[in-house]
Structure formats: C-alpha cells, structure tokens
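A.B. asks: Take this structure, written in structure tokens, and hold onto it; I'll ask about it next.
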Amino acid sequence: MADDKDVLRDVWFGRIPTCFTLNQDEVTEREAEPYYLLLPRVSYLTLVTDKVKKHFLKVMRAEDVEEMWFEYEGTPLKWHYPIGVLFDLHASNNVLPWSITVHFKNFPDHDLLHCPSNSVIEAHFMSSIKEADALKHKSQVVNDMQKKDHKQLWMGLQNDKFDQFWAMNRKLMEYPTEDGGFRYIPFRIYQTMSDRPFIQKLFRPVSPEGSAHSLGDLLKEMYPDAITNDGEQKRYQVVIHGIEPLLETPLQWLSEHLSHPDNFLHICVIPLTHQPAG
Amino acid sequence: MPVSLLWAVDVYGRVYSLSTAGQQWEQCRDAQMEFKRVTAAQQCCWGIACDNNIYLNVHASDLPVRYQEETYENQRWNPVDGFSERLLPSDRWQWSDVTGLQHQPLDSFQLPSSSWEWEGDWYVDENFEGEPTEKGGWSYAIDFPATYTKDKKWNSCVRRRRWLRYRRYKAMDTWAKIPSQQTTLPDPFSDISCGGWEISEEPRGRLSLWAVSLQGKVWFRDGIYHHNPEGSLWEEVFLPGEVIQISCGPGDLVWAVLWEGQLIVREGISRDCPKGSSWAVVESPSPDVGAIHVAVGINVVWAVTKDNKVWFRRGVNSHNPCGSGWIGMVGEMITINVGLNDQVWAINCEDRAVYFRQGVTSSELSGKTWKAITVPRDGDRSHSSFSFLSTLDSAGCYFCGEVRAQSVVSDAESDTEKGSADGESIPGEGEVKAPCAGSALSPSQSGGPLDPQWSNVDLEEAQQAQTVAVQDTADTCSLSSVATYTLAMEDPYGADEHPLWAWVSGGGCSVDSHSQLNWFNFSMNTLVSSVQSMSLSVSPAQTAAWRRQIFEQLSERTKREMDNFRHYEQAVEQSVWVKKGTMQWWRDWKPHKWIDVHFALEQFSGPDGNKDGILFIYYNYYEEKKYLHAFINEVTILVPVLNDSKHTFAIYTPERTKQRWPIRLAAATELEMHDWLALLSVSCCDSRGIHGPPSKQAIWSITCKGDIFISEPSPGLEAMPYPTPCDQMFWRQVGGHLRVVECNSVGIVWGIGYDHTAWVHTGGYGGGFFQGLASSTDNIYTQTDVKSVYIYENQRWNPVTGYTNRYCTLLRLEFTKRVVSDWAIDYSVSGGTDREGWQFAADFPASYHGYKTMKDFVRRRRWARKCKLTTTGPWQEIPPIPLSDVTILPCTAQSSVDVIPVWAISNKGDVLCRLGVTALTPAGSSWLHVGTDQPFKSISIGAASQVWAIARDGSAFYRGSVSARSPAGDCWYHIPSPAKQKLKQVSVGRTSVYTVDENGNLWYRQGVTPSYPQGSSWEHISNNVRKVSVGPLDQVWIIADKVQGSHSLSCGTVCHRLGVQPVEPKGQSWDYGIGGGWDHITVRGNSVEPPRLRLPSLTDPSSRSPVPVRNTEVNGVGN
C-alpha cells in the first residue's frame, strides 16, 4: 500500500554514484586521485561539485585553473540540465559508478553555458519554475508567492531539504478539481541524436473530450518514433528519473510526482542498440 | 457518518426515502397501498396506511430480530417411578415459567403475528449458571421453589430444566401490518409519532409510539423493543381535550395539539414511566390563531399555526418540558418535523417542497435558514409514461377540488377530519376554485358522508377511477390517495415538475449541521460530474498497473544506483538545525513538581545519511544551570499524556522505560504541544529511517487516552533465546481515537471506538496532529468518537461533587471541546442501582449494591455525560452495527487465503461473522449473525480457524467446525471456566489459547490438540494481567498491571512472554516494555518466524509474574 508521497521522496533522494577523474591533459604537481561522490539526481552539477573542485585544486597550480567543466565519454555535460537527465541521457546503460572527467581548461563555449557562481544556477532554476507555472497556472501561483517563498524553494534544493522544498512546492502542484489538471503540462523531451536541445510544446493533461491524457498520448504527438507499435521491436527507451513508466500512466500524475524541482517533467528518449537481426 | 434515511410521503400517498448519501428520492415500491403518514426511527419506520391500519417497516440488518421463548419442565421424585412428571397437588405445573406460577406447556406458545417464524424446534438448555450440566439440562433441589444445583444429591426431590425455542421476525424491509387487538380500537388512527429511544438503553431498541385517533383520543403502544418490534398492546392515554396531532421526541418530550388550537405537554415521562403521568397546557403562539401542528426533538419544540406561521419554543429541556416562550420564525410551512440531533425538516405551503433547516447546532437550536431539498425522485427521469399521464390528467381534468391553501388548515389529516365533521365550513376558509366532474379525489370537497369510515369508501372509488383511467396503475399510482391535500393554483397538478410532499419524518435521519449533503442545488450536471469525480477517486487507481510499475522501478533504481554505494560521500552536506522553545518539565528530584525549562532540538545528518538529533532540556538546579539530554535515535516513544490542567507528553528511552520514569513535559498550549509532537515524531522516524504506512507485521497498541501507536517488529523480536528486549521497541503514533484494535499479517486492521463504532484501517498513516508530509493524503478521514465522563454524587455530601474516578478528571480536559449531552443519571453501574440510580453501602468507600438494606448508611449515584471528539486518521467507518470486540484470522505471512475470517461481538453481545473480507476489501461486505443463548463479550479466532469466545456470564465457548466452507461453524461447545473465576477475554494464536479473568489472572488452555481442540483444563500462568494477545507464532503479549521499575511503578504495561517455544508454549518469564497507561495491544500481525537457534536456555526458568504490589492507587500514564 505504497503512498504517492513516497514517490516524491524517492525522486528527491535519488542519487547517482559518480567517480570524478581529472582529465589526463591537465597539468598537475602530483597524481590526482579519483574522487567518489553521490550526486543528487534532481540537482545541478555545478551546484554539488564544490568538493570535487577542492579535491583537484589541491594537486594543481592556481595559474593552470580556469572554469571547471565536466565531460562524459567525449560529451561535454550541460550543467543546466538536471544531473539525472544527463545520466539517463548519456550513461544510463553503462556500469556504475558513473565516470565523469573533470576539466579545468579549454572550456567548450559553443557547447556549454558559463557558470561563474551559484547565483547563475539560481537564476536558471527560478526561471524554469516561473516558466513551468506560466504553463500550469498562467503564472498565478508563482506570482502570488513572496520573495522569501522563492528563496525557500531554492534553498531547499541547494541544501537538499526535502521538507523545506515541498512545503512550498506543493502550492505549485495544486489545481482546481473541476479542471482535472494543470492548464498545460510543463515537459521537455530529450534525445541524444538531435541538433535540437529538446522538444517543448503546449500539451494539455485532459483531452477536449474530458479524458485524461497519458504519457503515450504525449509521445504520440511529440515523438511518435518513441512508441513501439505492435509487432515491432522496441527501438527506444522512454526514461524519467531512471525508470520507464508505462505509457498508460496519466500525464497529470507524472507531472505532479515525477517532475524535477524546476517543475518540468524531463523525459529522455534513448535509442536501444540492437544486435542486427540475423 | 453511516448512511441513514429521510422519509417522506407525497400528496398521492406514495412513500419515499432519501439517503444521506444519495441524490434522489427512492420510492418505497413494496408499499401495497398509499400511506397517510410515516414516522421514522433509525431501525424502523411506522406508517398509517389508507386502510387506517398501522404498518411497520423494520430495516433489514445483519443482526436478526430473534426472540427467545423459554419454559421450564418440572419433575418430582417418587420411589416408584424415580423422577417423573407426577407432581404433588401443591406443586407447580409440569410445564411452567421460571416462577412456577404460569402454566406454560410447549404447545401454548404461538407466533405473535404472521411476521414471525420459528427458527427451530424446542431444545433443552444444557447450561446452568455458566457451567455445562451434561445431564439433560436438569438441575436439582429439595423442593419447589428453592435453590437449584446442577448435581443430584441424596435429598434432591425435585428437578427442572429449561427449554428454549427462538422465533425470528421475518418481515424485514417490508410494510407489515400490526395485528389489530382483540378488542378493536373504537376508531381509526389519524396521526402517529415514535421516539423516546434515548429515555433508556434497556431494553435494547425500546421505542415509544404515540397515536391519535380520528375522534381525538391518544394511544400509547406498549412493549416495543428490539426483540418485539411490533410492541404488545395499545393503552389509552386520558386527555384534557381532543387531540389532532402528536409529536414524540427522541428523549422525554411529547407534545400534542388540541382541536381548539392549544398545545399540551406530557409530564412525568421517565425511564420507569415512558408513558408519562399528566398533561400541562401551553397556549397557542398566537392568541388569535390556533396551532395545528407541533414537532419536538430533544431540546426543541417547533409549532405551526393555522396561518402557516412557524414558531420556535424557547427554553425547552428535559427539566422544563413546557419551555418559556414562543419566537416567530421566517417561512410558511404546512408541517414540520424534528429529527435526530434536533435537526428540522418542513414542508413549505407554497411549493410543497421539503425544506431542511440549516445551521441547527446545540448552541443555536433554531438554526439559520430554510433550504429546499431539490433532488429528483427515482422515477422522474426514466418514467416517460408518467409525464404522459400527467398531461392526460390535466387535459382530462380528473383533478378537482383545488383549494387555495393559504388560509386553510393545510395539514392533510386535520383537513380530512374537518371535512367529514364539518363539511360546510370548508368553503369559508378555503375557496373551492375548480370543482369539476369525475371527481375521483378529495373527499372533503366531494361532500363525503359523515361516517368516520368515509375515507375508505372514497379511496376505493378513487382507485377504481384510476384503474379506468390509467392502465398501468402499479407503475404510476398517481391518483389514489386518501390524503386530501390542498393545493395552490400556482402549482398545476398536471405539470408535476417537482414532487409535492405531504409529510416528512427525519427521526431516522442522522445528520447534523456539519454533514456534507448532496441534497441541495441539484442539477443533472452536478450529478454527472459528481459521478465522474467519484469514479476518478474510487477507481482502482491505487492498484493500477502503471502505479505499481513506478513503485517497483523506483525501488529497483534505489537498489541499482544506491545500495552498493552507501559508503560514498554525499554531495550536499546537511547542516545542523535547531528549534528552541520553553516548556515545563516534571523534575526528577523530590519534591516532584513542574518547573520552567528551555527546550531545544538539534538536528543534523547522521553518518548513514539519516537525519539525527539531540534533545536538550536546560534547567536551573539551585541557581546552577544544568541540562538533560536525549538522543533522538534512542527515543522509543512520544506519548501524549492525560493531565487535568496541562498539555503534557512523555518521552521514553529504553533506560527510562526500565525506570518507569519518562521525561514529562508540558507545553503552554495544545497547539504548541502538537507542533512539538509532530516535529519530534518526524525527527525520531527520520533517525530510524521509518517512513510511510505501517507494515503488515506491525504491532498495534492503544493507550488509555485512546491514542494509537504502532511498532515495527524487528526480526529478532521473537528470537530464541535472545529476543530483542521489548523496552527497545520504537513506537510511533497514527491519527485516530480507538478503544480496541486488531490486525493480522496480511495487513487487515480493524478498530473499535469508545462509542463502539467499527473502523477499518485505510492503509494510510498520519492524521491527527501530523500534518503535511508526515501524513498520507489520500486515505485520511474524519473520525469521531464519544466517550462518557462520569462523576459520582454522594448522598450526604454536596450533590454533583465528591468522588471522581481517575478517568473522569483526565477526560474532562480533552473532551471539553464538544460536550454533546447534558449530565444524566447512569444506571449501568456495576453492582446495580435502584430506580433513581442510587447505590448503597455501609460507609464510604465500600462496595456498593443496588438495593437498600438496614445496614446501609450512605448512597451514591453516578452521573454520566457524553463528550464527542473529532479528529482525523487513516480510518473509515464500517456502519451500522456497533461492536465491542473483533478478531481477525492471524494468517501466516505467505498465506494465500483469499477470504479472511473476521468475527466480532456487537455491543449488545451478538456474535457476528464478517463476510467478504480480503486484503483488497478489508472492510468486507456484510455480517452473518451467529446465534447464541446468551450475550457474549470477547472472541478470538486462531490460525487454524479455531474460534473461542467468552460469554457475559464469564464462561468460555468453543465454536465447532469453522472452516472456509462453513465460515460460521456449526455449534458452540461450552467450556467450564477456571474454578470460581469469571473469564473476561480470550486470545487464540496458532495453537495456544489464553484467557484473562476478571481478577486479572492469565490462564493457558492445556491439552489442546487438533483432534481435541477444546483442550482439557486451564493452567494458571500469571496474575495482574489486564489483556492478552496471542499471535500467529503463538507469541504471547499482555497488558500487565503493577510493573515495578527502578524509579516508579506502572499500570497498563506492555509485556512479552519469554521462552515461548513449540515444546513450551507457556514460556518462562516476562520481559517488560512500554507503559503504563496502556490499555490494549495486538501482535497478531507479526508472523515473521525468527531464526531459531538451538541453545541451552539461559533465561530464568522460574515463572515470574509482574510484581504483585498491594498499593491500590496506582498511577498510569495519567498522573
């Protein structure tokens, strides 16, 4: 008799065991030990890697250090995506711990945003929440909040305080019962092999006929290839928070329970590599 | 809130009921004829039909109505025949009643009416004063009348035995005619009113029924109670005038309206004299206009005068049934009715709709506004033929005698009477607008004969007319009605857009001003949408595949990504977080008293990622600052404590449990205490990694305050030889208020409140003062409970002061929020009372008895007051039968039993078997009644379906042949109780059977084997035991009194039997856990077999009882 509340907790406390190694090309005074850390799936790389930075700075000369950035198997990791999304998208089918390479020079300006301080992350996080609320409630809820309420959301994420965060975030998850859900579902669909960063369109939780839309309904409209038709071999995994919900799962429920703290439902569509059919 | 019904009769005499959960009037289709009036109680509805007979509709219940007939067979010994039916001429009859005065042969017993049937044939009662006789039920004596013994002695000259036969009331859920008396009543009834069920609880289901005849006489129906729903006879009540209408409230109020327009009030109604003794006259509210209608409740009287004005009587109560004055109310009504909780219903004189008085509370009995009930009738939408008929009616003008209602006495029956008695006066009061031919209706205008029986005649005409006019009379039955209603011209009969009501009765309708009703602002859309939202919320979404998939995959993800990496460092360090406050602390050193302290909770992340914390209590000791601390991860429980003046709670650790000396703290306000308790509870649960709902194995317990606690059993709890000490068990609270809780290992949990309401656990957690994330959202409901507060009145001292028992002072604080009844004398005191509730004794304090003797110099009586508590918790009510005990088959964890046996005892002692209980439907579907010859009080079912029960007389019974195929078994086997002891409670585990007697002894049943499940004898295990719970592993847990700790002594302590093994089911000694103040425990969910090590027993082989202490005044959690 599990409770839906437990889902929120599981989502929040999701951790990815990660091994940080310093890029071979960095100049060091002595050999850098790898650094092991449990990263919160719902947080951002640059927000939770102070310890990593400190660890590697110990073996480096100050003049060799520029802005820190991360790379996995040749792909620079965008800090402004939630950590869980990066992992699911790039590394989910590989062995754990997740092995991330740390760089201190040659910042890939065309791939990554700069992140000089936590206030940049905060600005990004808050703008996501506002965008999501614009979709859900025409911004009414977020605009009714006070400055300190916004701060509470951010501090909750930054300090990994589930209770603090959800005490405020639950307001963002409310909707009038007669509507049957939010106005639009804030979602983003990520794919590995695409030039587009992600798919984001307007999509309602309830069909004009009044029936609840499911995850499958969303994908059918946004990304039909992701759906396995009868008789076909499964080509894509649809992953949210490292799990594959059934396509009949109601979208509204997903948005309430499996959204990231930024209030978006981040969906990763990952191609399956099949053995060529013999 | 259990579903109950509002009854009403429309102007055509059709009877309808509206469920408090429903949204439409349901026609009572089995009514063979039209009704004039109905009057409802919760268990039944009475009505006067158009044949002027009184009909009774007893609502079907899982509890059958069975009546025990008994007669005694008497024999005398003579040297020739031995014992034989040859008696001496001076002896009693061979067949007689218990006194011997009444001749009662078996064939003299007849069924009282055709509504009854025999359950079986006569049989001999084998039980004699709680003991089996095994001698054909004979008991022996020297002579009649004398003391009987079950054994035959040398001087036994006479013997007797009791024969029993049951008859069952079969006319359930149908209108059954009350057989008319031998001496037929002089004239037919015109009004009827039932009530009086709150006057006395004995006999069970007692009702007063008052009736008015057409000639204005009043009759009282005697002898109505549960086992005799029809009552026995009519008694005439003498009157100061001619009555036209009467109303009887749930309590002792009875008012009637006289023909001349005054009102009369019955005085002298009491427990011993429900009929009352005399009448007092109250003038009509308006000097010019007489009253025509009155309705009374418990503390209210409403009246309607002939000009349709509504009046409320001020100052009415049980001591002053006449009240003090009238207040005019808004609204024009033709009739009014007061139901349960003094709620008011009325029928408006303009639109003939039923109105509900909103906002009636105990503090504002006159309410606020009238609100129309707008739900449709069940036939309104589907019966198109009906609307066709309506058009036909208006076109054909079958209806006539439309009368302007405004000035007429619009009450249907008084109208009728006037019509018959004084036909000429009608046009003066109400003008006949449209008399037309084919007058099938309205006898009052058709100038009916003056014969009082005219309405019958007219009715037959009416029915004939209708049969001619309409083919499908059964379906529509629209025209034939004896009620000569009056109708305003604005409401053309034919349209029938909304129902036109003639009568309403709320006596069975349990609503109050807080009830959520769907009766108002009805429209088709709301129905549709509410159906939709219903289907959303009650659909099996909880068990939907997608949800399961998410739960499963999340836990797989945790395994995959986290379980092997727990030693990794967390990316985000948790900071320390402190909450401070001030409180009072019951200081450790003597003299003990409350002192002001600063209180702080420091929280931080523990090494394993769980939150942890430390509690600090800063105090001054002789000007020196000191502090006391406790680690949150060592706290085993936080208990709200009963205290008469402060909001207190206690904090226990294993060490403090051993000492029997918790940290006691008092907060300034209740809110502050709840805040702290919620915060500390969350903190304790976090530090132990406990989240979410209780597991199926959980151990449940209840304190004497009604608070519910659960503990997750560790795997080693029942291990041998080193079980987890039970003072280390961690308990957390769940919302709700209960007296009894029982569970089993598939997660079915039932509770029983202090008011005997049955509740089922919804699988949620939290509620009560747990808010937000410490509580589940979708399965928390409002729960109410009613507890009685007692106070003793001692004769030589000031009244209503003097002794108070422990519970009394403790409960007053908690329940002051909603006192729901006034002080009343309590007659149900042990030892019995006299007619005024007094108990007598030689001196205070002493043992009291219920009759006065020469030696008694003091007397006392107990007053009770009911207090209602409203809280929230993961509980849903299982209406309608109130329970006193319940037991659930303790399945082993792997068991795939689909339907799970649940047995219960009703608060009246009936044995019940719940059908349809499964893990998915833990509330089950219905009750199956299991017959017994006497009321029972405790029941328990073991893992092999062995059912044991304790009767009220203290003897034990074993139920034979209970199995999945025969869930109720076949018969009871009487098991003698231990010598000179009356048993009180039983618990059956896998094989073990334990009982507790009224003197606190714990007994083990010896010699129980699969082939002989009744066992052979009782073996004494321990004393000072209050309650026992035996689990599916045969583990034995008790609530013990008088457990000595190193600092203090506790009563009501959880104890665990150590050394229980299959070869030694009695165990060896006790381990002491949380307490005191505990009332109840159940370990019947814990079926996890511990790893059993075969080691030589190291525990003390001598049996240890909880320390016997002579001190009689022992403090529980309370003080």
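Including glycine, each Cβ sits where the backbone N, Cα and C put it.
Per TrEMBL, the features are:
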| type | residues | note |
| --- | --- | --- |
| DOMAIN | B:64-125 | domain 'Peroxin/Ferlin' |
| DOMAIN | B:137-170 | domain 'Peroxin/Ferlin' |
| REGION | B:410-454 | region 'Disordered' |
| DOMAIN | B:577-687 | domain 'PH' |
| DOMAIN | B:784-826 | domain 'Peroxin/Ferlin' |
| DOMAIN | B:837-870 | domain 'Peroxin/Ferlin' |
| REGION | B:1089-1119 | region 'Disordered' |
A.B. asks: Please indicate, using numbers and ranges, the residues of the same chain that are 6 or more beyond the domain 'Peroxin/Ferlin' (B:137-170) and have a C-beta under 8 Å from a C-beta there.
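C.D. replies: Same-chain residues near the domain 'Peroxin/Ferlin' (B:137-170) but 6 or more away: 58, 64-77, 83, 91-92, 99-100, 106, 109, 111, 115-126, 128-129, 131, 229, 931, 933.
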A.B. asks: How do the residues of the domain 'Peroxin/Ferlin' (B:64-125) split into helix, strand and coil according to DSSP?
C.D. replies: 3 helix, 24 strand, 35 coil
A.B. asks: DSSP says what for the domain 'PH' (B:577-687): how many helix, strand, coil residues?
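C.D. replies: For the domain 'PH' (B:577-687), the helix, strand and coil counts are 27 helix, 57 strand, 27 coil.
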A.B. asks: Over the domain 'Peroxin/Ferlin' (B:137-170), work out the mean pLDDT and round it to an integer.
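C.D. replies: That stretch averages a pLDDT of 83.
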A.B. asks: What does DSSP give as the helix, strand and coil breakdown of the domain 'Peroxin/Ferlin' (B:137-170)?
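C.D. replies: Split by secondary structure, the domain 'Peroxin/Ferlin' (B:137-170) comes out as 0 helix, 16 strand, 18 coil.
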